[in-house]
């Protein structure tokens, strides 16, 4: 098999992909000097942080593989609001309704995983590791556990002290079209390719009926007729019934993009990626080449993890991820 020319080319491609990813991460680190982040941020203050996070995530996902999607989605919903600062983890109080109680966040899951990691790290190195870093690392390890690409992220994010429900209007709704998605992601510095790659996280998990039932009332012409029947059957159970984004809901692969090519996208914001000339070629490339999707997803996730990070006096290290110190 090693003499097979196509296999050798594939090996060369993987080597090049890994080198490009390493280059991207290194360049990201140089750019992060002003933020005080680094790959070795906890080398002396909490040297076992990565192994603690990985072990706890793996244990949780072995018991419930659906948590992979939950952790990745939670990280995304955190970073798009006020930056990657753990604000999505904060509980509401009598005086303030927090992000997590927004309709867009009510279906988030994985809080206990973060709590368990935080509890263990507070025993080993109290007051050192931020909840924002824990969430970013947990999402990274969830992707790898589910069969996705391995990537690393610089650490040193501080936790934010603001979490308000009204800020969640900055999350992209499930009915957005490509132009709206490109504009919203562009406001955070993402290219259309970044946006499509990040959307590929929908290779994990499922959507609730309430998020796509409008496509069924007046049949969406971009929806495959047989798949429309499947969605209708799901919605017969109720608004909270779940429809997987693709046939392998707990596996990180490129099945999501193949579903879009077959007009089997669950959400309007999914299917629009293939129906628009602005992004169709990107979807086609990812559908045909999983390695390319993995490479671009790695880079986009590192980029996302750097959104509006807080350091110094702009943030804190929460003792409890659910409340401000």
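From the backbone N, Cα and C atoms, a Cβ is placed for every residue, glycine too.
Please treat TrEMBL annotations as automatic predictions, because they have not gone through curation.
Feature annotation from TrEMBL assigns active site, proton acceptor to 77. Taking Cβ-Cβ distances under 8 Å and a sequence separation of 6 or more, the neighbours of residue 77 (active site, proton acceptor) in its chain are 88, 99, 104, 105, 108, 168, 171.
Over all protein chains present, the Cβ of residue 85 (Ca(2+) 1 binding site) has 29 other Cβ atoms lying within 10 Å. Feature annotation from TrEMBL assigns Ca(2+) 1 binding site to 78, 83, 85, 87, 99.
What TrEMBL records for 172 is substrate binding site.
According to TrEMBL, the Ca(2+) 2 binding site annotation covers 203, 246, 248, 253.
Positions annotated as disulfide bond by TrEMBL: 46-125 (among others). The number of other CB atoms found within 10 A of the CB of residue 46 (disulfide bond), across every protein chain shown, is 19.
As annotated by TrEMBL, disulfide bond applies to 79-84 (among others).
Per TrEMBL, disulfide bond is recorded for 131-321 (among others). In sequence order, 86, 89, 90, 114, 115, 118, 131, 134, 159 make up the list of same-chain residues 6 or more apart from residue 321 (disulfide bond) whose Cβ falls under 8 Å from its Cβ.
Residues or ranges marked as disulfide bond in TrEMBL: 209-235 (among others). Counting Cβ atoms from all protein chains shown, residue 235 (disulfide bond) has 18 others lying within 10 Å of its own Cβ.
Averaged over the domain 'Plant heme peroxidase family profile' (36-325), the predicted model has a pLDDT of 95. Under the heading domain 'Plant heme peroxidase family profile', TrEMBL lists 36-325.
Here TrEMBL flags 13-34 as transmembrane segment.
Excluding 203, 246, 248, 253, which define the Ca(2+) 2 site, the same chain contributes 204, 245, 247, 249, 251, 252, 254, 255, 256 within 8 Å (Cβ to the Cβ centroid), listed in sequence order. For the Ca(2+) 1 site, the Cβ centre of 78, 83, 85, 87, 99 serves as reference, and the other residues of the chain with Cβ at most 8 Å from it are 79, 81, 82, 84, 86, 88, 132, 160, 163. The two recorded residues, residue 87 (Ca(2+) 1 binding site) and residue 79 (disulfide bond), show a Cα separation of 9 Å. When other Cβ atoms within 10 Å of the Cβ of residue 87 (Ca(2+) 1 binding site) are tallied across all protein chains shown, the result is 26. Applying an 8 A CB threshold to same-chain residues 6+ apart, the list for residue 253 (Ca(2+) 2 binding site) reads 147, 148, 203, 290.
Looking at residue 246 (Ca(2+) 2 binding site) and residue 83 (Ca(2+) 1 binding site), their Cα atoms lie 29 Å from each other.
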